Amino acid sequence: MPSYTVTIATGNQWFAGTDDYIYITLVGTDKCSERTLLDKPLYNDFERGAIDSYDVRTSENLGDIVFVKLEKKKYWVHDDWYCRYITVKTPSGDYLEFPCFRWLVGDSEVVVRDGRAFLPQDDKTSLVKQHRQKELQTRRKIYKWKEWQPGFPMSIDANKHRELPRDIQFDSEKGMDFLLNYSKAIENLCVNQFMHMFQSSWSDFGDFEKIFVRIKNTISEYVMEHWKEDFMFGYQFLNGCNPVLIRKCHKLPDKFPVTNEMVSVSLERELTLEQEMEAGNIYIVDFELLDGISANKTDPCTLQYLAAPICLLYKNNQKKIMPIAIQLGQDPKENPIFLPTDSQYDWLLAKIWVRSSDFQIHQTVTHLLKTHLMTEVFGIAMFRQLPAVHPVYKLLIPHIRFTIAINTKAREQLICECGIFDKANATGGGGHVQLVQKAMKTLTYKSLCFPEMIKSRDLESVEELPTYFYRDDGYKVWEATKNFVADVVSIYYGCDERVQEDEEIQAFIKDVCSFGMQDFDHCEFPKSVKTCEELIEYLTVVVFTASSQHAAVNFGQLYLGMYPDEHFIEKPVKQAMEKFRKELTEISSFIKKRNEGKKLPYAYLSPDKIPNSVAV
């Protein structure tokens, strides 16, 4: 009588184990095994972190094992169970791997294919084709699109975190980590006192130092010492938390009538302003998106204001970026131009208004829209259109981890009506919604491609801007990510025709554009991909947006290149992963060496600090 040894790994997260009954059925090409209860006498099966083995006996050989079917039935009370993977040792001694990484909730079952990745055109039998179709049909009923606000990217159809599918909810550890980090942030920043200070006028610029009372490190102390200085103001446009707005200025807009006479005292090369622009030494940051956005009026006792400034910057002989003119609104008839030659506090206040505007764009557009919401669009389309056996699903799933959960939490607690934004942010009370709606009209697919984004602002030259570390490190990480994606694509596709024949990848690309982005004409997202190169770029955008770009403007936990859940089992992909990790390690070492001795080290895009996914 043939015997199959089945090994099952239970997850390591809190409450992953179960006391419920677990049954298994092995489905082979010739026949199926009996439905078998997995239970050892006098033994507590399926405890958290456990790896348990069982013998499944059959009357005859089952042929090639195609599926493993797991069923969970209530023992006393419903007890959810997280299964990591199953391995099967056949009577001939072969080992087969079946990645699962799923929660079984209530009385439920899951049917798992072996861990090899297959494109849809490579599935030949009706059995596997039907399984593939059934999985997607089930997912599409669970992962549904919903418009949270008009003009926003589409999001998941869930109002609260607890309404999400169990597989994409925070696990207990992440939920506790989220709560502790939030509490720690509140404590460190003394938010209650901080808010109180804003509800009464500050008496002196020294009050800013109160912000740093609980934040003590070398960088914060340096920033506290130099925050008023022009070089620090300019440096933040290159390597601060929002390094994506500065662009080279070749011609001043009519709405910003800066003259040579106004700024000549700030120019160091004995050139006119026009000549400095021709030489490529003038840069501009325009906060036009904020023009017309409603300021927060939710608390009548606290008046809040928004500005839509324009800032002109100059690269001096030391190649430092220095502000030389600021206009705090888009209409020059109503807004004077402030200059470094103005009184100390007039100039300082103008810079503070620019920083305030930069914060609003950073939080709502650069961070929320272009990383969080966009990654959610990619994630929902992935769940709807790519089965677990698809190689692109296996590639992307680590980079979608917890993203839909954190975004749902944000809609539930942060950016909702009466949420934290309404209580603490100048764009609260609806302004943040207007800002996303306005920013969506300028969001394009190419703006998410890192090299294209840098090129569109004419900032490619390292020689011209040698301290633009966000650009330099971003290029390195983008190329490493693209190389890894290319390795994976080459393993499973190999030629352009294979890409065109893949109905599932085409449906994924189309779902992002037609539903996720609501088919907005201006967004220019592709509706299909025809070549391996186009697919490689697209997938690089997804991975880079969810990991590196988010890291540059925020931060998180499972770091780039770390794949603890082994969705891929094939040796060539594991070799590609190892190559990717090695390349990332080299980039981290380069950045660490470059930062040695710097008073303002830039490490936001060091791969050892880049989280895999948007999870915070």
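Heads up, the Cβ atoms here are built off N, Cα and C, so glycines get one too.
So that you can see what the record holds, here are the features copied from TrEMBL:
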type	residues	note
BINDING	GLY17, ASP79, ASP80	Ca(2+) 1 binding site
BINDING	ASP39	Ca(2+) 2 binding site
DOMAIN	2-118	domain 'PLAT'
DOMAIN	117-563	domain 'Lipoxygenase'
DOMAIN	564-616	domain 'Lipoxygenase'
SITE	TRP103	site 'Essential for stabilizing binding to COTL1'
Report summary line: What DSSP reports for the domain 'PLAT' (2-118) is 0 helix, 60 strand, 57 coil
Query raised in the report: Quick one: which residues besides GLY17, ASP79, ASP80 have a Cβ within 8 Å of the Ca(2+) 1 site's Cβ centroid, in sequence order?
Result: PHE15, ALA16, THR18, ASP19, ASP20, PHE46, TRP81, TYR82
**Report entry** Cβ packing number for the residue listed as 'Ca(2+) 2 binding site', 10 Å threshold
**Finding:** 13
Query raised in the report: For the domain 'Lipoxygenase' (564-616), what does DSSP give as the number of helix, strand and coil residues?
Result: 28 helix, 1 strand, 24 coil
Report summary line: As a whole number of Å, the Cα atom of ASP79 (Ca(2+) 1 binding site) is distant from the Cα atom of TRP103 (site 'Essential for stabilizing binding to COTL1') by 11
Query raised in the report: Using Cα coordinates, what distance in whole Å links the residue listed as 'Ca(2+) 2 binding site' and GLY17 (Ca(2+) 1 binding site)?
Result: 14
Query raised in the report: Counting across all protein chains shown, how many other Cβ atoms sit within 10 Å of the Cβ of ASP80 (Ca(2+) 1 binding site)?
Result: 16
Report task. Enter the number of other CB atoms within 10 angstroms of the CB of TRP103 (site 'Essential for stabilizing binding to COTL1'). Result -> 21
Report summary line: One should report the C-alpha separation between ASP80 (Ca(2+) 1 binding site) and TRP103 (site 'Essential for stabilizing binding to COTL1'), rounded to whole angstrom, as 7
Report summary line: Least Cβ-packed of the binding-site residues GLY17, ASP79 (other Cβ atoms within 10 Å) is ASP79
Query raised in the report: Between TRP103 (site 'Essential for stabilizing binding to COTL1') and GLY17 (Ca(2+) 1 binding site), how far is it from one CA atom to the other, in Å?
Result: 10
Query raised in the report: In the predicted model, what is the mean pLDDT computed over the domain 'Lipoxygenase' (564-616)?
Result: 84
